[in-house]
Structures are given as C-alpha cells and as structure tokens.
Amino acid sequence: MNPATLNIIMLTLFSGTMITTLSSHWLPAWMGLEMNMFAMIPILMLKHNPRSTEAATKYFLVQTTASALLMMAVMINFMYSGQWTIMKISNPLAAHIMTISITMKMGLAPFHFWVPEVTQGTPLLPGMILLTWQKLAPVTIMCQMMTTINPTLLLTMAVLSIMIGGWGGLNQTQLRKIMAYSSIAHMGWMTAIITYNPTLMTLNLMIYLLTTTSMFLLLMPQSSTTTLALTHTWNTMPLLATLMTTMLLSMGGLPPLSGFLPKWMIIQEMTKNNLIVMPTMMAILALLNLYFYMRLIYSTSLTLFPTTNNTKIKWQFKLTTPPPLTPTLITLSTMIIPLSPMLYILK
C-alpha cells in the first residue's frame, strides 16, 4: 500500500476513535464509529488474498449491522425523550438495543462469532489493531451509558463470554484464533464489573491492551501463526521464548504478574456487592484460558525442534530489529503488581 494512503487511513482510524471517546452526543459518537470501521477495512486487507477479503467482508457486515441497530435505538430514545445525550437513556427498549449493538462491536458472546474468523484471516499487525485499538470506542460508549444498562443482561453476556473464550480456545492450533478467544474472555471480565466499578474496568482494559499488544509484538519477529511455529522459538531466539512464557502466564492471571491484578480486584469488588456465585464461576472458567496458555508455553519453552546434531541452539542468529517500545510494554505487562496498593487507593 502507498505510504501516504496508509498514513491517511491510520489518521482516520485514530480520529474516529478519538471523536467517539470524547463525545457525549450520540451523533458524533456514531460518526466516529463509522470512521473507525471504514478505516479498518483496508487495514484488514493489507495483504491481498481471498482470506483477507473474506475477513474484511465479515467485519463490514457485522459492524454495519451493529451500527444500524445503534442508530435505530438512538432514534427510538430521541422519540421518547427528545435529547441525544449518551448518558440519559429513558426508554428501556432503546437501552437494550444499544447494549446489544455495542456488545456486537466489542465481540462479546453471543455475538462473538466474527472475532476469531476475522482475526484468523488477517496478518498479525492488523489482528493486533483489531483486538486492541478497535475495542476502545465501544468500551467508552458503554462506560457512558452504564447507569442505564440492565445489569442482569450484562452479567449474563459477561459470563457467557468468559465461558466461550475459554472453551473456544481449547482445541485451537492457530495463534491468532487463540488470541481472539482470549480477547472474548477478557471482554467478559470487563463487562462483568462495569456496572459496579468502572475504574476497575478501565484498569482491566489497560492491562489487557498492554498484554495483548506485547504478545503480538513477540509473535511478529518470526511471524509465528501456529503452535507448530512456536516450537522453533527456543532453537532460534531463546530470549523470546522466555519473554513469551512470562507474557502467557501474565495473561492467564497468575499471581506475581500484572495479569493477576485486575482479576483479583474484580473478584474482590464483586464479593463486596454480595455476589458470590458469579465471581466463583468466573474464576473457575478462567482456568480454561490458563490451560491453553499452558499449552502454548509447552510448545514454546519445553519443546525442542528435532535436530540431527548435538547443538540445540543455533550458533548464528538472524538480525531482527525488535518493534519499538517492546521492552517497556513487556515490563508493564508483567511487573506492575507492586503498584497495586496505589491502584487500590485510586479505585
């Protein structure tokens, strides 16, 4: 793609998200979502092949359906209340349709089917943008309308997302699909807490963005897209294998690492609100995600590619320039647990 064209597309993508994030009026928020969607389609088709075309088509159909539902709900709310403010939704039907449309854009269950398919059909960089940057605008809208959302509906969708995000990734060998199911599960954790404590949802979103971006940046140097490709990592880039193991453990939410922090705080907050069964189910279902992360760790660190000689590690490595900010992102994704007392006070 022409660099000037790519820069314009990236600027449109950034502008669309910022317009939606900074809007309290439904019309500019909806326009920002549309800008975001139309800018994302050529990014998904950076490599011209039938799979990327199919992925972009699926993305377009789902997002336009969600946008049409959102605009219909906004018009119903306008008919009953006469105003366009995001935070004041007076009609229950409009609130339900808005929730469904926003969750479609986020990829929450039961509207999650497009996320693994679209992510699998694109290269690693567009996949990373799809699973990180594209979540910001719908999450922002949901934060603004959280007082009018039905908590029962949202909790049901959240637990269903955590369940499907765990079960869907169990039998996968494609890394992009595994990351997509991981994203669905993380979105479930965010929506579960949004009506009780939006600050914790923001913390979870930040750590999710850090860990997912870091994981994709670790997969990019070798263009690893399958679990079989991960078995070459220890042979060629030992440091990368160690970092990837740490990142996967953090994404699984094991205690000394950053990924444990949001899960710990979310479970604590939900128990304070007299919810016992729901966080218990969420914690048990999170073990499914941890299981397939452990499978990836086994492929990365504990499996050596078969060689005919006695030297297990190559004596000469290819020169690979790591993407910028990789060390910073990995550090933040694994070692911010000492900041938990400060974050707890901010909560």
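From the backbone N, Cα and C atoms, a Cβ is placed for every residue, glycine too.
Automatic, uncurated: that is what TrEMBL annotation is.
Under the heading domain 'NADH:quinone oxidoreductase/Mrp antiporter transmembrane', TrEMBL lists 23-286.
Annotated domain 'NADH dehydrogenase subunit 2 C-terminal' per TrEMBL: 290-344, in sequence order. The average per-residue pLDDT of the prediction over the domain 'NADH dehydrogenase subunit 2 C-terminal' (290-344) is 74, rounded to a whole number.
Beyond the transmembrane segment (5-23), the same-chain residues lying 6 or more positions past its ends with a Cβ under 8 Å from any Cβ of the stretch are 29, 31-40, 42-43, 86, 129, 133, 136-137, 140-141. Under the heading transmembrane segment, TrEMBL lists 5-23 (among others).
The transmembrane segment feature in TrEMBL is assigned to 59-81 (among others).
If one looks beyond the transmembrane segment (93-115) by at least 6 residues along the same chain, the residues whose Cβ comes under 8 Å of a Cβ in the stretch are 33, 58-59, 62-63, 65-67, 69-70, 72-74, 76-77, 80, 131, 135, 137-139, 141-142, 145, 148-150, 153-154, 157-158, 160-161, 163-165, 180-181, 183-184, 187-188, 191. Here TrEMBL flags 93-115 (among others) as transmembrane segment.
Feature annotation from TrEMBL assigns transmembrane segment to 136-166 (among others).
Long-range Cβ contacts of the transmembrane segment (203-220) within its own chain (Cβ-Cβ under 8 Å, at least 6 residues beyond either end) map to 124-125, 127-128, 131-132, 135-136, 139, 175, 179, 182-183, 186, 189-190, 193, 240, 243-244, 247-248, 250-251, 258-259, 261-262, 265-266, 322-323, 326, 329-330, 332-333, 336, 343, 347. Sequence annotations record features per position, and here TrEMBL assigns transmembrane segment to 203-220 (among others).
Feature annotation from TrEMBL assigns transmembrane segment to 240-261 (among others).
Feature annotation from TrEMBL assigns transmembrane segment to 273-294 (among others).
Here TrEMBL flags 325-346 (among others) as transmembrane segment.
Between the transmembrane segment (273-294) and the stretches 136-166, 240-261, 325-346, the greatest number of Cβ pairs separated by less than 8 Å involves 136-166.
When Cβ-Cβ distances below 8 Å are used as the criterion, the transmembrane segment (325-346) is approached by residues 199, 203, 207, 210-211, 213-214, 217-218, 243, 246-247, 250, 255-261, 264-265 of the same chain, each at least six residues removed from its ends.
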